[in-house]
Amino acid sequence: MIVTRQIEWDMGHRVTNHRSKCRNLHGHRYKMIVHVSGKLIDKSGDSSEGMVIDFQDIKKIIVENIHDVLDHGFMVWQKDHILMDFFKKQPDFKYISVPFVPTAENIARWSFERLKPLFIDKFGTNLKLVEIQLWETPNSLVICCKKDIV
Ligand SMILES: [Zn+2]
């Protein structure tokens, strides 16, 4: 069975070499849905009995490791020297430097790699992260699953 949990956050970025307007500094309200699969927990009397994973446990993992890391920050490619120089001189501004162009595809893959080891199979139910859906706009969606991780 698959259970999902959704979060949203606000973040700035730019796609440095983009041929059009995405090279400008701008932001999005990102929406992410995390899909976790597993058998139902059958440990009698456990708080999670009958669940794949407690929704609160998914929420805690993705809020702490995605939302709180990115929200109201600016994601910067480490090779974007103009912005890296700017942010290094402005320590009051929240930025997240990453080794990739911050496209929705790369952000989804980065999130998958970050979250995957945090979903631990405590009950032998084959619990695992299987998919991340990331909306950059209400009409633009990227789907990342295990086969997309090198
Ligand atoms: Zn954008």
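Cβ atoms are placed via backbone N, Cα and C, with glycine included.
Curation plays no part in TrEMBL annotations; they are all automatic predictions.
It should be emphasised that the depicted structure is a prediction, and the values quoted were computed from it without experimental measurement.
His26 (Zn(2+) binding site) falls within a strand segment according to DSSP. Within 10 Å of the C-beta of His26 (Zn(2+) binding site) there are 11 other C-beta atoms, taking all protein chains into account. The Zn(2+) binding site annotation in TrEMBL covers His13, His26, His28.
Residues or ranges marked as active site, proton acceptor in TrEMBL: Cys22.
Taken from TrEMBL, the feature active site, charge relay system applies to His72 (among others). Here the Cβ of His72 (active site, charge relay system) has 11 other Cβ atoms within 10 Å, regardless of which shown protein chain they belong to.
Sequence annotations record features per position, and here TrEMBL assigns active site, charge relay system to Glu136 (among others). In sequence order, His28, Tyr30, Ala104, Val142 make up the list of same-chain residues 6 or more apart from Glu136 (active site, charge relay system) whose Cβ falls under 8 Å from its Cβ.
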Densest Cβ neighbourhood among His13, His28 (binding-site residues), 10 Å radius:
His13
Determine which residues of this chain, when His13, His26, His28 are set aside, have a Cβ within 8 Å of the centroid of the Zn(2+) site's Cβ atoms, and list them as they appear in the sequence.
Met11, Gly12, Arg14, Cys22, Leu25, Gly27, Glu136
Around the Cβ of Cys22 (active site, proton acceptor), how many other Cβ atoms lie within 10 Å? Please give the count over every shown protein chain.
14
Rounded to the nearest angstrom, how far is the Cα of Cys22 (active site, proton acceptor) from the Cα of His13 (Zn(2+) binding site)?
9
